[in-house]
Amino acid sequence: MRTDFDAELEERLLRYTAIDTQSDEASDSQPSTAIQLNLSRLLEQELTAIGAKDVRLTDYGAVLATIPATAPDAPTIGFLAHVDTAPQFNATGVKPRVHRAWDGSAITYPDAPDLVLSPETSAYLGTKTGDDIVTASGATLLGADDKAGVAIVMTAARHLLANPAIPHGKIRIAFTPDEEVGRGVDPRLPKDLDADFAYTLDGGKLGEIEYESFSADGATVTIKGVSIHPGWAKGKLVNALHLAAKIVQTLPQATMTPETTEGREGFLHVYEMSGGAAEARIKLILRDFELDSLAAKGALLQQVCAAVQAGEPRAQIACEIRPQYRNMRYWLEKDMTPVDLARAACREIGVDPVSVPIRGGTDGSRLTEMGVPCPNVFTGMQEIHGPLEWISVQDMAAATKVCLRLMELAAP
Ligand SMILES: [Zn+2]
């Protein structure tokens, strides 16, 4: 059944996903890819056209805008979505397809004959019969992550500006680049956003209101061996690759890895090895919901490096661990107002709110740490970062209503 906002959300999603905005971890520029600005500039124009105020594209690539308050004394609330799509899968030439009033049968793809999306492999999809389902064509990801969020924020903004009788405080909007490469929150963003609290529209299933993310560290282990011509190397050569392999082999494998953990369990993940006999490098990420357990994983990595070092004193093994982001719960549990508002708004539109810990981070994790409490709200996006990515337009409509309802609830 088509509900309020469906047509606008679908139209925006189709238009935004067709624009390639893939970010690039290897790039040092800001934003990481200039193509992201194609969407950012479009959003800047569209925000101006619907009557938003203070519209600007910052030099760090974020589009900011204000919807002026219609109710005094209400808090200033921020809404964020990211314009970039994930670098993990082809994002060039997205051809979104609408499966109108989807009948529950398996979805196939014109550009990938072997690919099938069905309720057998995606139980959540099985609950969406009758919805308008949007997929890509098989050759690319869809990019509902996070253009669904962009479409939801734009639709809510257009609705509020067209209906000034709706009471709400000042609304601040931010469309950020480079979330997928972990650089979505520029140090200037919290001050520029200037909101009492905010929400990222970057979550999954209907009703999910998330306020817990991983705490995350990154680690680089550098191994310097002793390089000698292999023909004259006896007793002299120290092969950095053997030592790197030994470190990886000594780390836990049957436990404490992404593939052996779930729920609230953390992990150590080796994601890259590079180098040669003279010098090698191992890159890891460390994740846990609790800071002491995160520190314990760092200590374990240090111990393994120290043990391998002790076995080969002629090598130089250095292990550098740096913080990436922190569980937003540490801040939000001190004042649950933003979470409670979103949950109450969910209930009012007839959806049961669920809060599951995110096994990852969001722009909200960084923003919360930097002083703007920022839970994550569902959009409906599913099977993200790959060719099976899909979304229900009706889930997006529910998210739009949650945003509108919580603004009203926050206005005294
Ligand atoms: Zn996202």
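Placement of Cβ uses the backbone N, Cα and C atoms for every residue, glycine included.
Where the annotation comes from TrEMBL, it is an automatic prediction and has not been curated.
As given in TrEMBL:
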BINDING   H82, D145, D202  Zn(2+) 1 binding site
ACT_SITE  D84  active site
BINDING   D145, E180, H385  Zn(2+) 2 binding site
ACT_SITE  E179  active site, proton acceptor
DOMAIN    212-307  domain 'Peptidase M20 dimerisation'
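Recorded features from TrEMBL, shown on the structure.
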residue : record                       : DSSP (3 states)
H82     : Zn(2+) 1 binding site        : strand
D145    : Zn(2+) 1 binding site        : helix
E179    : active site, proton acceptor : coil
D202    : Zn(2+) 1 binding site        : strand
H385    : Zn(2+) 2 binding site        : coil
Whole-number Å value for how far E180 (Zn(2+) 2 binding site) lies from D202 (Zn(2+) 1 binding site) (Cα to Cα): 11
If you measure H82 (Zn(2+) 1 binding site) to E179 (active site, proton acceptor) at Cα, how many Å is it? 6
If you count other C-beta atoms within 10 angstroms, which of the recorded positions D84, E180, D202 is the most crowded? D84
Measuring Cα to Cα, how many Å separate H385 (Zn(2+) 2 binding site) from the residue listed as 'active site'? 11
List, in sequence order, the residues of the same chain other than H82, D145, D202 whose Cβ lies within 8 Å of the centroid of the Cβ atoms of the recorded Zn(2+) 1 site. A81, D146, A148, G149, E179, E180, T200, L201, T362, D363, T379, M381
Counting only residues outside D145, E180, H385 in the same chain, those with C-beta within 8 angstroms of the Zn(2+) 2 site's C-beta centroid are T85, A86, Q88, L141, G143, D146, I384
If you average the pLDDT over the domain 'Peptidase M20 dimerisation' (212-307), what number do you get? 97
How big is the Cα-to-Cα gap, in Å, between D84 (active site) and E179 (active site, proton acceptor)? 7
Can you count helix, strand and coil residues in the domain 'Peptidase M20 dimerisation' (212-307) using DSSP? 34 helix, 32 strand, 30 coil
Around the Cβ of E179 (active site, proton acceptor), other Cβ atoms within 10 Å, all chains included, total 26
